[in-house]
């Protein structure tokens, strides 16, 4: 009886983690949009604030004995921290130099690149059925973005680098937790301040530090309170991302990312009456079909694995 109970409990924790990530991710989209529209706070600077607040949140958690920090050599996580900075920088550059459709289409390529990296460098195997679930998902993203796909050389370069670095970052988030034998909080506790320091060196290349629109500029009290609140929500987003990848996989997290994208589109249509074309509706259905297929095949493989273990003498 211990096995099924443990499995049920683990599945409930995974569902809870996914739910926290879903709610906090949707929440932070609307908060960030409010900050950009009403206060004009710079994008990358806001990401820097989010990671600083994430580290402060983890510092408070370890003082409250929520987790015990584990000493990690900086050289073992420096590439993880740098890849986060590259992910933020190239994602922003891709958005600046591409249309929204091209940007979304490039993001959809993250999942197959993750599978390629894990297959090539980590010798992880994926069944044909799992790989085939990428077909309806990619088709769904194309249907959602085809109305606005335009290519140019700088945009293509930044989008390609963004996909590569984002894929590496997500793979390393899971790999480092297993390699260093740490949990999500222990790893993020070291990576957050390191990434913040690197990001502080990157921000001046894209955004002002002082004066109007700079991080040390003359911001109103409501703007600062809203930014700090978004930092608290970002703490939940970052922690749940690390937890999901550490307890499932980077591919599963990406599949969940596609699901969140569909929910955002449907939510915009239902709540804010945003336009939703027939192509977009078909794209959402294709993407959801791919996600449901992935979930079904993944659960089947897990059950088969448990059955094989149970049959061993």
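Glycine residues also receive a Cβ, built from the backbone N, Cα and C atoms like all the rest.
Taken verbatim from TrEMBL:
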type	residues	note
TRANSMEM	14-35	transmembrane segment
DOMAIN	23-294	domain 'Sugar phosphate transporter'
TRANSMEM	41-61	transmembrane segment
TRANSMEM	77-95	transmembrane segment
TRANSMEM	157-175	transmembrane segment
TRANSMEM	187-206	transmembrane segment
TRANSMEM	221-245	transmembrane segment
TRANSMEM	252-272	transmembrane segment
TRANSMEM	278-297	transmembrane segment
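With pairs at least 6 apart in sequence, the transmembrane segment (187-206) and the transmembrane segment (77-95) have 3 or more Cβ pairs within the 8 Å limit; the two touch. Counting Cβ pairs under 8 Å to the transmembrane segment (14-35), the top-ranked stretch among 41-61, 221-245, 252-272, 278-297 is 221-245. Within the same chain, residues 79-80, 83-84, 86-87, 90-91, 93-94, 96-98, 102-103, 106-107, 109-110, 113-114, 117-118, 122, 187, 241-242, 245-246, 249-250, 253-254 sit at least 6 positions outside the transmembrane segment (157-175) and bring their C-beta atoms closer than 8 Å to a C-beta of that stretch.
Across the residues of the domain 'Sugar phosphate transporter' (23-294), the predicted structure has a mean pLDDT of 86.
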